[in-house]
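Remarks on the structure that follows.
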Amino acid sequence: MSTASLFSFPSFHLRSLLPSLSSSSSSSSSRFAPPRLSPIRSPAPRTQLSVRAFSAVTMTDSNDAGMDAVQRRLMFEDECILVDENDRVVGHDTKYNCHLMEKIEAENLLHRAFSVFLFNSKYELLLQQRSKTKVTFPLVWTNTCCSHPLYRESELIEENVLGVRNAAQRKLFDELGIVAEDVPVDEFTPLGRMLYKAPSDGKWGEHEVDYLLFIVRDVKLQPNPDEVAEIKYVSREELKELVKKADAGDEAVKLSPWFRLVVDNFLMKWWDHVEKGTITEAADMKTIHKL
């Protein structure tokens, strides 16, 4: 049985997206936008592999022979931002090291991350199923986009959470083909932060301070199959049905641990604010919720 057949609501496969999914970004209401931020520069171009990263690739070839080539490149090219439990920057390391459970446990490696929750003008939430080639949590269903700000000038800006917003805009394009004009950085509303740890398998896992960003926009989608297997807009009730299937042990309906933490602790009350146009009232960026 296919994954899509398990749900009572429509799904959209990468190579057959329905035209109705896309609409002009002009329909977004300004009531959801936080105060305007200063214009920003485009994210810095990706650089070539460092000597350290190249050496790491060479040394781990035998251990990670089955890793997808794109994911392998990102594992060593991307430098995550290391933080302490108060979200203070303490350094940086490769995405590879930051997701090795051995490193996480031995060195308490903790990195900064973000999770985007994008709603359309009907207040439906866009979900994605992670691609089968993802190193951590392949083929699980999760929120719109989950990734990391990188250790680069434009994504280290602390003021107004601008660095994380810049990273979110970058990854929405990388994963879902959403152009920057459809998701202006000043329309992301940071609602909170949570600290969690979640092993994916015996080798890989997550240990993150995760920024939770909400945005209401109608966008055009062109998902990247290296990152995303499937996408789907869901209503609140449809999401509840999805959670029930996951709780029943349906192997084809697995949810990412960070998404489940947000669903269980925050999402439904925040969804109320989305529908009322009062989303900024829900923001609490002083607290780091340890879950």
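A Cβ is built for glycine as well, from the same backbone N, Cα and C atoms used for every other residue.
Keep in mind that what you see is a predicted model, and the values were worked out from it rather than measured.
Here Swiss-Prot flags 20-43 as region 'Disordered'. The annotation compositional bias 'Low complexity' is assigned in Swiss-Prot to 20-39. If you look up Swiss-Prot, you'll see Lys95, Arg130, Lys134, Ser147 marked as substrate binding site, on the strength of similarity to another entry. Per Swiss-Prot, the feature Mg(2+) binding site maps to His99, His111, Glu206, Glu208. The domain 'Nudix hydrolase' annotation in Swiss-Prot covers 109-261. The annotation active site is assigned in Swiss-Prot to Cys146, Glu208. Here Swiss-Prot flags 147-177 as motif 'Nudix box'.
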Cys146 (active site) and Glu206 (Mg(2+) binding site), Cα-Cα, nearest whole angstrom: 12
Whole-number Å value for how far Cys146 (active site) lies from Arg130 (substrate binding site) (Cα to Cα): 10
Average pLDDT across the motif 'Nudix box' (147-177), rounded to a whole number: 98
Mapped DSSP class for Lys134 (substrate binding site), helix or strand or coil: coil
For His99 (Mg(2+) binding site), the three-state class that DSSP assigns: coil
Tertiary neighbours of Ser147 (substrate binding site) (same chain, Cβ under 8 Å, six or more apart): Ala113, Phe114, Ala167, Ala168, Lys171, Glu175
Between Glu208 (Mg(2+) binding site) and Cys146 (active site): CA-CA distance (Å): 11
Chain-mates of Lys95, Arg130, Lys134, Ser147 with C-beta within 8 Å of site centroid, substrate: Gln71, Leu74, Val135, Thr136, Phe137, Cys146, Glu227
